[in-house]
Amino acid sequence: MSSLTGKLIVIEGLEGAGKSTAVNLVVELLSQKKISTITTREPGGTRIGEILRSIIKNPEYNNVLDDRSELLLLYAARIQLIEQVIKPALNVGQWVIADRFELSTLAYQGGGRKMNMRVINELSNFCLKGFKPDLTLYLDINPELGMIRAKSRGKFDRIEQESIEFFHRIHDTYHVLVKQNPEIMMIDANRSLDEVQSSIQSVIEEFIEHNL
């Protein structure tokens, strides 16, 4: 990504971890430094991506959408997002703040769905061609607490309706991925909002200092 002038910052975590709040905080911190930003979400962020999101998230497709189809839909949406939104923004110097990216697929499909990680990595290499975030923040939350918080938002979507064991597998896989990729910043999201935001602010301010 050295040829691109902007930066891609990704916020990761389970349902209820506070990703949307974190995205808003990062945007605010960057705006204070006069850095132009855009936000994205996965799956979605483009016209095609939002259509695919409506399929992936729709509870009507419980026990209908094959895991392999789900995986391919996610990568189709990600390719569109990268090529239509993220790269053009980075090329003009904007910083992109993304609610989920590649790590989610490894955790949810690889961990939660128990899909073959080698296959996912091969598909990732083919689709992304080495494209990676400049910074990833993983908001670590206990799955039970996360689902309590998520439930307060309203009716569960297709993914949120999965069993608690599903989310424990995702949580465990996130931890493995963080250990394998020390550049990922893990933040304890079980704490109060003020404490979580303070940790995020420290990471972002240090990142800005080294990238301006």
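Numbers run from 1 along the shown chain.
Every residue, even glycine, has its Cβ placed from backbone N, Cα and C.
According to DSSP, Lys19 (ATP binding site) sits within a helical segment. For Lys19 (ATP binding site), the Cβ neighbour count at a 10 Å cut-off comes to 23, with all displayed protein chains included. For Gly13, Leu14, Glu15, Gly16, Ala17, Gly18, Lys19, Ser20, the entry in Swiss-Prot reads ATP binding site, with the evidence type sequence analysis.
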Under 8 Å by Cβ from Gly16 (ATP binding site), counting only residues of that chain that are 6 or more apart: Ile141, Leu145, Gly146, Met147, Ile148, Arg149, Ala150
Which of Gly13, Gly18, the listed binding-site residues, has fewest other Cβ atoms within 10 Å: Gly18
DSSP three-state assignment (helix, strand or coil) for Leu14 (ATP binding site): coil
